[in-house]
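Taken verbatim from Swiss-Prot:
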type: BINDING; residues: Arg22, Glu87, Arg126, Lys461; note: (6S)-5-formyl-5,6,7,8-tetrahydrofolate binding site
type: DOMAIN; residues: 223-382; note: domain 'TrmE-type G'
type: BINDING; residues: Asn233, Thr252, Ile254, Thr257; note: K(+) binding site
type: BINDING; residues: 233-238, 252-258, 277-280; note: GTP binding site
type: BINDING; residues: Ser237, Thr258; note: Mg(2+) binding site
Amino acid sequence: MEFDTIAAISTPMGEGAIAIVRLSGDEAVAIADKIFKSPGGKSLTTKDSHTIHYGHLVDPKTNEVVEEVMLSLMRGPKTFTREDVVEINCHGGLVSVNRVLQLALTNGARLAEPGEFTKRAFLNGRIDLSQAEAVMDLIRAKTDRAMNVALGQMDGKLSRLIGDLRQALLETLAQVEVNIDYPEYDDVEEMTVPVLVEKCTWVRDEIIKLLQTSSQGKILREGLSTVILGRPNVGKSSLLNSLVQENKAIVTDIAGTTRDIIEEYVNVRGVPLRLVDTAGIRETEDIVERIGVERSREALRGADLILFVLNYADELTAEDERLFETIEAMDYIVIINKTDLPQKINLARVKELAGKHRIVTTSLLQEEGVTELEEAIAALFFEGQIEAGDLTYVSNARHIALLHQAQATVEDAIAAAQAGVPVDMVQIDVTRTWELLGEIIGDTVQESLINQLFSQFCLGK
């Protein structure tokens, strides 16, 4: 497949030690050769692949020196895109990197679209669609475990499993074709039905195993949606600041200071938390605060974990007890804050209301109890769930939806075969399952979906 030559800045914009401008395509080396001058004056076209060269970029129209650079030359197909690739390392300033990019564009390259380098890797057969999506997961990973899951998917872990499932279905379809081609032989159909049921059952079971990892995989990918809950002025914002280790929320003695929800990502002992500091949930006449309270209720409904904060120096109120009832069926940790003040809270009643849920005492003002809280969060998350590093996790919402559809169609095939439906009719569901699994890795997917997926990538990737 032939494409034009593209170029883009592949590093984040801003000031830094270096920046990289990447070119990919049949003319990448020729374009670079027009603008690159080495001390020895030798052409890049004579250089070996996978080599690095020092020199200057020079505008061929004016002979003006634009930048001092290191240039990496890599010839296809042993590159990310399977095309000729040139990466120009220049100084990391906004003006510098933009001048380098403009020089490449005015000498024959086209500005790359978002995700176009990865899209070319997919279209040229270097990676499949699930591996391409894993590239973005790797970039966005917020913990080591999330990064390891993305690396496993990039390495083809999920692709190989999906390939095995599709191969089993293909073998089943081949057996069905034999039955269709030789309908006069009853024993052929008698052999076909058990094989079909056996292989489809194995495929279904493997799909179910994958889907069982989806909740953990989604958390690793997107973070554990964690709501900080409690009455106003019990220390919710102080807790957010302690976990994030920055002053993201206003901390005052005035109840109701947090009028809106505040979100922040934080890595707590390998657990990615998407922390939401809510406005205190209470009845209020203040219109602005009431909007914040309603948003807090919405956040609560979508939470994976609740950090329920109580005040050690206050008696339990009817509002506290109502909040216990609200979160009764959810995963939560009770945090009794302000232990540096005289005790007024009834600890026995808190234990009774919390039941089996963990209780941690803290004095966030004195920075006490935060370590114990982090340990409690990690213990809750990792308890028998996610320690097995050899699991293949599925976390992408598109993959999960396709797996659910594939499970439904393969179960229809099993039920139909067992009910005595002719195998040529059962074949329809088996084929549809094969197609749905193919959409995960991009074998059976529409071009419009491919374009949409890659448009979500950043420029230069």
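Each residue, glycine too, has its Cβ placed from N, Cα and C.
Ranking the binding-site residues Asn233, Ser237 by C-beta neighbours within 10 Å puts Ser237 at the top. Over the domain 'TrmE-type G' (223-382) the predicted model carries a mean pLDDT of 78.
Local packing around the Cβ, expressed as the count of other Cβ atoms within 10 angstroms, is greatest for Lys236 among the binding-site residues Arg22, Arg126, Lys236. When the alpha carbons of Arg22 ((6S)-5-formyl-5,6,7,8-tetrahydrofolate binding site) and Lys236 (GTP binding site) are compared, the span between them is 46 angstrom. Glu87 ((6S)-5-formyl-5,6,7,8-tetrahydrofolate binding site) falls within a strand when secondary structure is assigned with DSSP. Its own atom aside, the Cβ of Glu87 ((6S)-5-formyl-5,6,7,8-tetrahydrofolate binding site) has 20 Cβ atoms within 10 angstroms in the protein chains shown. The shortest Cα-Cα distance between Glu87 ((6S)-5-formyl-5,6,7,8-tetrahydrofolate binding site) and any of the binding-site residues Asn233, Lys236, Ser237 is the one to Ser237.
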